[in-house]
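*Asks:* First the structure, then my questions, so here it is.
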Amino acid sequence: MIIAFWIILTGALVAVTCGMLGCFLILRKMSMVGDAISHAVLPGIVIAFLLSGSRDTLPMLLGAGATGLIATFLIEYFHRRANLQTDASIGVTFTFLFAVGIILISGFAGEIDLDLDCVLYGEIAYVPIDLWVTADGTVMGPRPVYILSAVLLIVALFIKLGYKELQLTSFDPAFASALGISTALWHYLLMAAVSLTTVSSFESVGAILVIAFLIGPPATAYLMTHDLKQMLAITAVLGIFIAFTGYWLAYWLNASIAGCMAAVTGLCFTAAFLSLRRIPKPSPTASEEPIG
């Protein structure tokens with residue numbers, strides 16, 4: 001039972017963190033940027049490993065964070081300077097950077113102890129045995145839980161402290177600029193938070209589940225409310241529910257845990273869509289924050 005607890009807790013931490021950031025990505029019509037960053041950070045991870053010779057968290061975060069920001073810059077650059085649609089810019093950028101990462105892995109196969117399948121699909125079942133052991137031999141519990149808890153705290157503080165700016169730059173960038181808010185600064189801060197969350201979740205759950213959590217719960221919450229704060233709360237609750245249900249579905253089916261969590265994410269969205277499409281939404285009141 002303790003193994004199930006650690007796995008569900010890890011999934012819930014990733015789901016809540018990704019989901020909160022995903023709310024702002026969806027409002028900005030940039031949900032697939034999460035997909036791009038989750039693939040584009042691969043060369044950064046490989047280069048960080050080649051330079052440091054270890055898979056410690058700090059060099060991995062620095063390498064992935066750097067390439068995540070590069071990917072964000074390239075997407076914006078191609079969109080504005082080459083007059084490409086955003087989705088085309090995303091496709092060109094993430095496929096190029098992901099391909100560079102694969103080439104680096106294959107070219108330095110003898111020096112790189114990285115599994116491409118693990119990066120893509122992860123193996124959350126191994127979380128309970130990835131222990132943090134102190135210098136005096138004390139076992140503190142699964143290492144990913146501490147890392148993901150710290151990332152969740154950072155992201156929650158970022159959203160709390162920058163809520164007004166994130167809200168304004170998401171809904172009305174022109175109005176935000178008129179108020180003196182730097183839309184570019186908050187755009188890159190959001191992308192940096194997405195990069196941090198993505199790479200910290202890689203080893204535990206893989207890129208596929210990160211993408212599912214970035215898009216699925218926020219998209220489901222988007223169908224259910226006009227209020228941004230409610231959207232964030234619903235997303236967090238859905239993330240916890242998906243982690244719990246996905247684990248026990250995988251246990252019952254003897255299937256991939258990450259795969260079942262991603263499948264439950266899709267089922268939740270489908271259920272919300274089918275049930276809510278028959279119910280007309282009331283117009284938002286003056287006290288509500290309209291989402292669109």
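Even glycines carry a Cβ here, placed using N, Cα and C.
Copied straight from TrEMBL:
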TRANSMEM  6-27  transmembrane segment
TRANSMEM  36-54  transmembrane segment
TRANSMEM  60-78  transmembrane segment
TRANSMEM  90-110  transmembrane segment
TRANSMEM  145-163  transmembrane segment
TRANSMEM  175-199  transmembrane segment
TRANSMEM  205-224  transmembrane segment
TRANSMEM  231-250  transmembrane segment
TRANSMEM  256-276  transmembrane segment
*Asks:* Does the transmembrane segment (205-224) make contact with the transmembrane segment (90-110) through 3 or more Cβ pairs under 8 Å, each pair 6 or more apart in sequence?
*Replies:* no
*Asks:* Would you mind listing the long-range same-chain contacts of the transmembrane segment (175-199), meaning Cβ under 8 Å and 6+ residues beyond its ends?
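*Replies:* Counting only partners 6 or more residues beyond its ends, the transmembrane segment (175-199) has Cβ contacts under 8 Å with 14, 17-18, 21, 24-25, 33-34, 37-38, 41, 44-45, 60-61, 64-65, 68-69, 72, 76, 151, 154-155, 158, 162, 165-166, 168-169, 207, 210, 214.
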*Asks:* Decide whether the stretches the transmembrane segment (36-54) and the transmembrane segment (231-250) have at least 3 CB pairs under 8 angstroms, with pairs required to be 6 or more apart in sequence.
*Replies:* no
*Asks:* Who are the chain neighbours of the transmembrane segment (90-110) in space, where the CB to CB distance is under 8 Å and they lie at least 6 residues beyond its ends?
*Replies:* 32-33, 35-37, 39-43, 45-47, 50, 67, 70-71, 74-75, 78, 84, 116
